[in-house]
Structure formats: structure tokens, C-alpha cells
């Protein structure tokens, strides 16, 4: 739904849709003031959930004093159908023994009473005592070599950067993706960077460092042709089991969309050796409904897809099967590439103390790396899997 410049107050919440510049065509986002996340009432939680589904992403201002326990409590309340898991189970969503991606990332967990999944997504020194984490320095890993077209370190130091990887939160195996996701921005670096697409398009975008990029998958759906909408409405995707283990050796495309076709996936015979339960492999509609607004979103994370089940219309009984990483990614790139442009991308938030919640079933987001010379980044990330099953025009989700 398009944002306007009007201001509305729902109960105690002041909800102000974002007003984007004349160079922007994106149609989502809102700011919220008048909400204390440490003391939110049940009515305010309900209003916040509705605002997130309606505006896709909300930035709650002035949350410098928010407590990690209250952060985790809010994440659970925003999805009453959440799926509780332990920290050990969290790692096992990505690899049966907790190895692989999660072990490689070495995520620091912010202590909470319930051992919630509030992870420290920062850079540099996190302080002498950050909620019980003592003198933690997250260092500076340079991600330039992750791309199939590497980013030169001297360019990176000079302020050039890239989108890292467009994705929705969740493992895409065993459990359903989180309904709503959370980033609390505690400390942010200063300066300016230029995100370069580096894909031959010549596109670029000025940003502040340490922020996160977002685009709307409902806006993407609206950009499709009638023929394309008829196809995606009736099609589905099957994700690889433990998909992040499958693509762990892959390099990313320089614009952050998908991974490069270089044959670097873990071989299928090696994947077959990984213990798994076929019941946990996820097949979802390409298009997901927003239960509040009834909007449709083209909600596909292409780098993790094993095969596509394509029906051009509701009358087509048997799907056309598209499989093989190169064919799948080429097909999805043609559908998704059009939204990855500066005018459709929001990068935020603006300042420290902002807490961002977004509708994970209707957005894609990407980290943007920066040099530590700009200063430390202290951010709390949180999400919880959902028992909700994504629904769309094609009822295939499991």
C-alpha cells in the first residue's frame, strides 16, 4: 500500500507513513512514536502488528533504553503462533549438528532470561559490558571476496560497498520462516558510502554505513505483467534441504541477488550424506498472501531453490519442472531483477535508538558491509520461526 504524508494516531501509537524522495518509487514504510517497548500494552502490541503488516516495515523511534528481555518478549507477542526453539535447535536448523553457516558466523547471543534468540549483529568493539558480554570485539571481516566479481579492498576503504545477499529470515527447512523480524540499532557508524551494483547496469546508491537494505515483494508482484502474474499465482518452489549448507561455498552476484553460477554448490552426493527428514523439506507457493491487506507477494529466495514447479495458468494440471541451479536462477532473475534498483530500495534506519520491525513474509533485506574506520556497529537481531503456514493462490505449502 502506498505511503502518504499523513499522520494517524491509533490508541497510544503515532504512526506516520514514510515520505520518500522524488527519486524514489518504493511504497512502504512508517515511523512510530509514542511507544515504549519496555512497557507495551496488549492493545499496543496488536496495533504494532497491524502497522507492520500494513506498512511492511516500521521504525520505532526512541528505544535507547529497551531491554533485551523485552525485545524477545515483543518478538514472540507479534506472532502468537510462533515456534519456540532452543539455542541448540537454532543451529541445527542450518546443519544437523549445528556446524556450517551458524558455526562459521560465530553469532554472539545477547543474554536474556528465557535464552531468547537475540543475536549481536555488530562490528568492532561492543563495549566493556554489553548486557553481560564482556569486552567483546567482533573485529572486521572483509567480505569483498565473497562476490563473483570481487570488490577491491582499496575501493571498500574508500567508501564503495555492495548489497551482501537479498533474503528473508529463516532456514527454509524444518520450520516456517518468521512472520515478523526485528533489528534494534543501538550504535551506528558515521560517514557515507556508495552501494555499487557492479553488474553492468551502472546503478549506485548513496547510503549511511551500518544500515540494512529492504525491498517489498508485494511491490515486485505488482510490477509483473499479467502473464507473469498468472504464472506465479499458480506456481511453487521446492527449497533444497539444509539450503545454506548446499550454497555455503558459493559466491554472490555483485548486486546481492542470488548466488553466482560457478558450480560451487556442495555436490548432491555429498548433500545426500547429510542426515535429514524429507518431511521437513519446504515447498511453498511462489506467491504469499498478506492476511491483513490481502496483497500478494512474490516471496521466493532464489539462491536456496532446488526446483521450480511452474504452471502457466490454473487450468494446467501438471507443472513444468525447472531444476538445476543455473536454470532455476536464470528463471528467477528474470522475475526479480526489476525490483533491485535504487528507486525501489529503502536503506535504514536513520539514527541510534531506532528499532526496526518488518513483515518477513512480504520483504527481502540485505546487509551492507562497511569499513571499521567509520566506527562500531551494535545491533540486536531477533526472529522466531512461525507455526503459520504461508498461503497463496496455490495451496502447496508444507
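Note: Cβ is positioned from N, Cα and C throughout, glycine not excepted.
In the three-state DSSP scheme, residue 169 (Fe cation binding site) is classed as coil. Within the same chain, the residues at least 6 positions away from residue 169 (Fe cation binding site) whose Cβ sits under 8 Å from its Cβ are 177, 178, 181, 360, 383, listed in sequence order. Sequence annotations record features per position, and here Swiss-Prot assigns Fe cation binding site to 167, 169, 365.
All chains included, 22 other C-beta atoms sit within 10 angstroms of the C-beta of residue 377 (2-oxoglutarate binding site). Look at Swiss-Prot and you will find 212, 377 tagged as 2-oxoglutarate binding site, backed by similarity to another entry.
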Cα separation, residue 167 (Fe cation binding site) to residue 212 (2-oxoglutarate binding site) (Å, whole number): 12
Distance from residue 377 (2-oxoglutarate binding site) back to residue 365 (Fe cation binding site), taken between C-alpha atoms, in Å: 18
Distant-in-sequence Cβ neighbours of residue 167 (Fe cation binding site), under 8 Å, six or more positions away: 301, 303, 364, 365, 366
Cβ neighbour count (within 10 Å, all chains shown) around residue 365 (Fe cation binding site): 22
